[in-house]
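As written in Swiss-Prot, here are the features:
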type	residues	note
MOTIF	296-300	motif 'DDXXD motif'
BINDING	D296, D300	Mg(2+) 1 binding site
BINDING	D296, D300	Mg(2+) 2 binding site
BINDING	E449	Mg(2+) 3 binding site
Amino acid sequence: MAASSANKSRPLANFHPTVWGYHFLSYTHEITNQEKVEVDEYKETIRKMLVEAPEGSEQKLVLIDAMQRLGVAYHFHNEIETSIQNIFDAPKQNNNLHIVSLHFRLVRQQGHYMSSDVFKQFTNQDGKFKERLTNDVQGLLSLYEASYLRVRDEEILEEALAFTTTHLKSIVSNMSNNNNSLKVEVSEALTQPIRMTLPRMEARRYISIYENNDAHNHLLLKFAKLDFNMLQKLHQRELSDLTRWWKDLDFANKYPYARDRLVECYFWILGVYFEPKYSRARKMMTKVLKMTSIIDDTFDAYATFDELEPFNDAIQRWDANAIDSIQPYMRPAYQAFLDIYSEMEQVLSKEGKLDRVYYAKNEMKKLVRAYFKETQWLNDCDHIPKYEEHMENSLVSGGYMMIPTTCLVGMEEFISIETFEWLMNDPLIVRASSLIARAMNDIVGHEVEQERGHVASLIECYMKDYGASKQEAYAKFKKDVTNAWKDINKEFFRPTEVPMFVLERVLNLTRAADTLYKEKDAYTNAKGKLKNMINSILIESVKI
């Protein structure tokens, strides 16, 4: 018989207070016309430089790579697309490991399939990479980065990753500070390869690396710095507006049991899309994510089962009249939740895009049902579900099936009904992204959650069903994460079922999970590395 929730104390988590408070209220600087003019002038100079570089040349490959890593490629989308298409259509023979690896990575990043057989020229008859390559640090680094674009069953790229990782670790430990720029770049890559790095984080770190590279392009560097600072002003202004909204709700006081993480939510969504044209979408999505976080904590860290049953029903009804059926303390959050989606409807109905909100609501209902399912398991005498059952529910309850749909709502591009239907059917790339987020979250957080009476994690379920040790479960989950990344890479190969910009949102969302859950749950424990990342992206400007 189910345990009576009335006899259970609330499962309080005692999350630490907000790191930022209302700090960003004061960031109201507007981008000046002078700044816009200066950036536009540099942009046209860089565009000319890109167009005039010989097609397929080393010069053009290196320039495109620098643009992408410095965070300014969004200005030259069409030109880069054309250049990569030309490189793909007419590849040139080359025996330079750095150039072949760079060529391979750029082509695959753009969604074109290029065979990994291009690396066979660098291997012996036994399939092992030639030892002489260990003297080519730049080549090793490029091959290392290229290996993260691998898909399943690409043994040569598995070998490449193992080979380069081993030798780069050895090289960096013995490298003198005379090669400081390259040493920093190698160290950063070993910690966070390009494929898994959030675009703004990559831009911030690469500006410093690029500046210390003697071969850097002065105009491109200046442009990247100006653009970073100009975008930072826009992002600060957005966060100021969101902080005003959050302060007016007064939810930090009304829901003291929940994680007060508005700035962290914004950083998360900034990872999904940073470009100016997505300003509206970012603000909409940040509000949704912040309210989702409160709902998640209400389920996990405060409410009793008897309170959650009518709350779940109210979400499924999506009706202001349902507010009387839920606990008084839940009502402000429920009303604010409805208001966010009503605001979306008001804005999008004028553009004939009301159907987008319908799909977003459906995904949110599905997410809350998944939260409630976990509550039912916990209430049912601490029932431990089967691993497969828990996995299917966890892929939803992690939120990574809700966000890809909802983040499209405020975007300006044309997005077809078929794309939203495709997302609703849990495509492979979304399942892979969800698995990465859930597995990484469980690895770093499951022991803490069990201490406060949380539903059994996927790790506990796997250990119970398969008689595995904790370390065996960790190894299994890490392997699953690696394979999920390979699936994401494969889903980018053209022709794709949906526009590339939709897939890019899922990729960036996955990068956010990798960033936030790599060593610990940085969203919950936001005082450490996440605070430093936010500081570098949203507070500290780049010195010109």
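Numbering starts at 1 and runs along the chain as displayed.
Backbone N, Cα and C define each Cβ position, glycine as well.
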*Using DSSP, what's the helix, strand and coil tally for the motif 'DDXXD motif' (296-300)?*
5 helix, 0 strand, 0 coil
*Counting Cβ neighbours within 10 Å across all chains shown, tell me which of the binding-site residues D296, D300 comes out on top.*
D300
*Do you know the mean pLDDT across the motif 'DDXXD motif' (296-300)?*
96
